[in-house]
Amino acid sequence: MTDSPVLALAKELISRQSVTPADAGCQDLMIERLKALGFEIESMVFEDTTNFWARRGTQSPLFVFAGHTDVVPAGPLSQWHTPPFEPTVIDGFLHGRGAADMKGSLACMIVAVERFIAEHPDHQGSIGFLITSDEEGPFINGTVRVVETLMARNELIDMCIVGEPSSTLAVGDVVKNGRRGSITGDLKVKGTQGHVAYPHLANNPVHKALPALAELAATQWDEGNAYFPPTSFQIPNLQAGTGASNVIPGEFDVQFNFRFSTELTDEEIKRRVHSVLDAHGLDYGVKWTLSGQPFLTDTGELLAAVVAAVEEVNHQAPALLTTGGTSDGRFIAQMGAQVVELGPVNATIHKVNECVRIADLEKLTDMYQKTLNHLLG
């Protein structure tokens with residue numbers, strides 16, 4: 001039996017070993033299809049990262065599909081039922097690295113746009129694609145650089161669907177209409193090294209810092225709101241000492257992370273953290289890394305169109321959630337764009353034997369096409 005257009009393209013993409021930041025020819029496949037539809041293509045290569053920006057039309061509104069061609073490493077090959085870069089169909093599921101995150105989504109986007117343009121060759125507004133090979137990596141030279149380039153020339157995205165695997169049990173059961181912000185602090189507390197038998201001749205930075213860390217961990221940073229849970233504070237890494245049991249350390253390194261809602265700003269978080277550390281009299285320094293601001297699309301044409309499209313396919317409205325980690329949507333939202341995430345079920349992403357239900361790819365294609373119908377048809 002001949003593969004459907006979306007399954008055939010998904011297989012082609014999965015077969016290319018595009019472990020981040022490699023693209024391995026995935027974008028060329030997409031570009032070839034988009035050129036045939038009349039898209040203007042602009043390649044944007046920054047260091048080791050391959051990106052492209054494609055646009056069809058010059059009018060507003062500008063609707064964009066955003067995604068990434070890179071995938072995480074396959075992990076232990078012995079644990080895969082099938083080779084991770086040899087797309088294989090088993091019992092109605094397409095197996096392979098990137099099947100759900102997010103080469104399946106990319107195939108759905110392309111086929112949906114092909115079908116939409118066939119029905120609406122003179123559609124309203126403009127359609128764009130923003131594709132990167134640097135989403136699974138350090139996200140330095142990917143979407144953020146493309147967004148900076150577009151903003152510098154005042155080419156602003158109005159509405160964007162990011163194809164991240166948002167769904168939990170069935171495709172379209174969850175639409176992500178926002179994400180929390182993320183900021184990390186690398187704290188170094190200074191003390192005086194010494195012998196554990198002579199603590200009066202030393203100053204243990206661990207002992208000094210623990211009460212402050214306990215206070216930070218116990219703090220209610222905010223109460224969240226209708227769209228976001230309360231801001232969370234977590235300590236993922238601690239490091240002190242030489243490894244010897246008889247040496248008081250001279251320094252104590254602590255890494256902590258906030259996932260924060262729209263109730264807080266990164267500057268407010270910094271101010272409150274420094275206030276606690278200062279109150280405990282610590283000799284310290286903090287290096288802050290802001291990974292992304294929170295964003296929220298709580299109303300607007302895009303959200304209404306996506307919800308309607310999902311309802312038409314599933315006969316049930318999706319849940320609107322802001323849970324999970326960060327995504328490239330945070331960079332696009334900086335333009336003032338309406339941004340939502342809609343993609344496959346995320347149960348197997350980043351795992352061995354990653355897979356996606358083939359029927360879900362067909363449904364997702366329909367959801368994308370119906371969204372275009374509502375917005376630009």
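Cβ coordinates come from backbone N, Cα and C, glycine included.
The record from Swiss-Prot ties His68, Glu164 to Zn(2+) 1, and of the options Asp28, Asp91, Asp101, Asp186 it ties Asp101 to that site too. Annotated Zn(2+) 2-binding residues in Swiss-Prot are Asp101, Glu136, and among His350, His374 the one listed with them is His350.
Between the CA atoms of Glu135 (active site, proton acceptor) and His350 (Zn(2+) 2 binding site) there is a gap of 13 Å.
Here the binding-site residues are Glu136, Glu164; the one with the fewest Cβ atoms within 10 Å of its Cβ is Glu136. The two recorded residues, Glu136 (Zn(2+) 2 binding site) and His68 (Zn(2+) 1 binding site), show a Cα separation of 8 Å. Across the structure, Asp101 (Zn(2+) 1 binding site) and Asp70 (active site) are spaced 9 Å apart at their Cα atoms. Excluding the listed site residues His68, Asp101, Glu164, the same chain places Gly67, Met102, Ser105, Glu135, Glu136, Val162, Gly163, Pro165, Ser327, Gly343, Ile349 with Cβ atoms within 8 Å of the centre of the Zn(2+) 1 site Cβ atoms.
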